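Q: Just lifted these from Swiss-Prot, have a look:
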TOPO_DOM  1-32  topological domain 'Cytoplasmic'
TRANSMEM  33-53  transmembrane segment
TOPO_DOM  54-58  topological domain 'Extracellular'
TRANSMEM  59-79  transmembrane segment
TOPO_DOM  80-110  topological domain 'Cytoplasmic'
TRANSMEM  111-131  transmembrane segment
TOPO_DOM  132-152  topological domain 'Extracellular'
TRANSMEM  153-173  transmembrane segment
TRANSMEM  176-196  transmembrane segment
TOPO_DOM  197-222  topological domain 'Extracellular'
TRANSMEM  223-243  transmembrane segment
TOPO_DOM  244-263  topological domain 'Cytoplasmic'
TRANSMEM  264-284  transmembrane segment
TOPO_DOM  285-300  topological domain 'Extracellular'
TRANSMEM  301-321  transmembrane segment
TOPO_DOM  322-347  topological domain 'Cytoplasmic'
TRANSMEM  348-370  transmembrane segment
TRANSMEM  374-396  transmembrane segment
TOPO_DOM  397-406  topological domain 'Cytoplasmic'
TRANSMEM  407-427  transmembrane segment
TOPO_DOM  428-441  topological domain 'Extracellular'
Amino acid sequence: MGNSEMSASEVAAAKQKNVDDWLPITSSRNAKWWYSAFHNVTAMVGAGVLSLPYAMSNLGWGPGVTIMVMSWIITLYTLWQMVEMHEIVPGKRLDRYHELGQHAFGEKLGLWIVVPQQLIVEVGVDIVYMVTGGASLKKVHQLVCPDCKEIRTTFWIMIFASVHFVISHLPNFNSISIISLAAAVMSLTYSTIAWAASVHKGVHPDVDYSPRASTDVGKVFNFLNALGDVAFAYAGHNVVLEIQATIPSTPEMPSKVPMWRGVIVAYIVVAICYFPVAFLGYYIFGNSVDDNILITLEKPIWLIAMANMFVVIHVIGSYQIFAMPVFDMLETVLVKKMNFNPSFKLRFITRSLYVAFTMIVAICVPFFGGLLGFFGGFAFAPTTYYLPCIMWLVLKKPKRFGLSWTANWFCIIVGVLLTILAPIGGLRTIIINAKTYKFFS
């Protein structure tokens, strides 16, 4: 009797292993530490970096610099916590954000706390990146060929999506590492172009650093929206465990060591991308800067066209980094819950449908700036600023009023404030601009 039972559980284990070897997050575990560096850069340095001077113009110098630097420190701290908690259970790896959530809050509750937020972030980012990709392609076309007949954004988004209908079928994180590396290099390049071209232009003769809005109400709401933009700029946490899952781990060399090395490199790159763009862009253009600094810099045309093309390449990589965990969730549900056979056909259909879905939403709702502030506070703040801290308090139980305890509560309070305040600003921006928005523009 024992033998057959034994074999039944072995069969189950073998089946589980087969599924794990097939799923995108867990299938390949041979990443080097520098993979984690450029995956993290690609995930974190969003096209959001180009809206930082605009955010600065709504925050002003004092609050602006404070919030930028503070966000950088807090998010680095919460990222460190996640890297540490990846192997908090000896001999087991928490490969996905929701697995860590389930370990901290229990099977059911953990899923319900993490998965909806993670999906809002990942699908939200992918939709925003569809819009960004399409808009940047359109901009390149306008710059390179100013006399051509204008092509609607809708078609540019479709052209951008066509790339993803192909590369979404790469099986896992390691197979997109070349794309991700290219994307990380691009984000550095266009950030550098953005601030270097600003410096080259020189400070505007009548530069003005007073708040952009004329009314007090406007100032407050713009401030809140800018908070969302900055919070959104540091949001690589949704994919950090999934990236760490690709790194091999042994008792002598746990995965957190190479992962942390990669994260540090990534954060230095993030600082090199963000701070010069935000501060120099604001210093030079003051409150006349557009919500995408590349629009403010019209000349030299070839350089700005190139920068926009780099944005496109970067966004291709970012889209994939954020789509991979979604593919993983979809495929897990289909194979484990609905007992589909893990096959290429299944993968081909689910991923194509996902790309089509993000494309259609992007085409219907191409308003970029307002959505960022709204989603930023709503889903990014929790997953980036305070969920890791709450999990840390639950799992590590630091001493009350000790350094760790205080730091975590500080992050939680800041994060909760962001969650409440940023969407208010974002929503108002959406409402004000909605009058001029056209669906299917």
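Note: Cβ is positioned from N, Cα and C throughout, glycine not excepted.
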Q: Sequence-remote contacts (6 or more beyond its ends) of the topological domain 'Extracellular' (132-152), Cβ cut-off under 8 Å?
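A: Residues packing against the topological domain 'Extracellular' (132-152) from afar: 47, 158-160, 294-295, 301, 304-305, 308-309, 311-312, 315-316, 319, 362, 366, 368, 441.
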Q: Look at every Cβ pair spanning the transmembrane segment (153-173) and the transmembrane segment (374-396), keep those 6 or more apart in sequence, and say whether at least 3 of them are under 8 Å.
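A: No, since the transmembrane segment (153-173) and the transmembrane segment (374-396) share fewer than 3 Cβ pairs closer than 8 Å, they do not count as touching.
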Q: Is it true that the transmembrane segment (33-53) and the transmembrane segment (176-196) have 3 or more Cβ pairs under 8 Å, skipping pairs fewer than 6 apart in sequence?
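A: Yes, the stretches contact each other.
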Q: Given a Cβ distance threshold of under 8 angstroms, which distant residues of the chain, six or more beyond its ends, lie next to the topological domain 'Extracellular' (54-58)?
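A: Same-chain residues near the topological domain 'Extracellular' (54-58) but 6 or more away: 64, 68, 209, 211-213, 219, 222-223, 225-226, 229-230, 278-279, 281-282, 285-287, 289-293.
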Q: Looking at the stretches 176-196, 223-243, 301-321, 348-370, 374-396, which one shares the most CB pairs under 8 Å with the transmembrane segment (59-79)?
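A: Stretch with the highest Cβ contact count: 223-243.
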Q: State, in range form, which of 111-131, 176-196, 301-321, 348-370, 374-396 has the highest count of Cβ pairs under 8 Å to the transmembrane segment (223-243).
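A: Top-ranked stretch among 111-131, 176-196, 301-321, 348-370, 374-396: 374-396.
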Q: Of the listed stretches (111-131, 176-196, 301-321), which one yields the highest count of Cβ-Cβ distances below 8 Å with the transmembrane segment (348-370)?
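A: Out of the listed stretches, 111-131 contacts the transmembrane segment (348-370) most.
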